[in-house]
Amino acid sequence: MESKGLNCCKYLMFLFNLLIFLCGCVLLGLSVWAYVNADSFKKIISSDPVIFNSLIVLIAVGAVLIVAGFFGCLGAIQESKCLLGTFFTIVLVIFIAEIVGAILIYVYYPKAKDLALQSMQNYNTTTKQPWDILQTTFKCCGFTNYSDWGSTIPSTCCSDAASPCSPSMTTFYPLGCEAAIRKYFWIIGGIGIGIIVFEILAMIFACCLFQNIGDYEMA
């Protein structure tokens, strides 16, 4: 008969890996959605592919989390040291990659404003469509606020679609696009922190289950 400790570790391991699997599905889904719908914004960030390519990294992380969660659940149910060891290695690599990715995002984020302001200078040539879509979708104007556009404010900054907007008008969106989309970064960040917590706990339970399986086999 299996020990209570082994049963406890096994089911906790399964639970946390199921959560990791589901988080991986959410991350993969959101990342794919963002990547597919980011075509309109490629011109804005094309001068620094690191920002856009981070979506590809998130897609890969989501896919690997799904695989890791599957291995973890299977390893817990079957009490397989091989599967548990594989799971632990995968999650450890993901954990390190996520920390490195978070550092890169922190380092490169300040460049976002410079890239956005630079793209605004070419509004009527290469970046008109992406900026129009961004401002219409999020009901925002400019990067920080409408003053980023100077004296000529695009019609998409105005709620009544007047063309062009004037700085003296009160119908343009007062909120900058950075602030408008920042809440989505907080959502993604919260999901990321949650995934990291689950990963740490899952690795701890994997080690405990791995050890308990060894002790049980020797008993």
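Cβ from N, Cα, C; glycine included.
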What is the disulfide partner of Cys177 among Cys140, Cys141, Cys208, as given in TrEMBL?
Cys140
When you scan the chain for residues with a C-beta under 8 Å from the transmembrane segment (55-77), skipping those not six or more beyond its ends, what do you find?
10-11, 13-14, 16-32, 34-35, 38, 83-84, 86-87, 90-91, 94, 97-98, 101, 195, 202, 206, 209
How about long-range neighbours of the transmembrane segment (12-35): same chain, 6 or more residues beyond its ends, C-beta under 8 Å?
55-56, 58-59, 61-73, 75-77, 87, 91, 188, 191, 194-195, 198-199, 201-202, 205-206, 208-209
Across every protein chain in view, the count of C-beta atoms other than its own within 10 A of the C-beta of Cys158 (disulfide bond) is 21
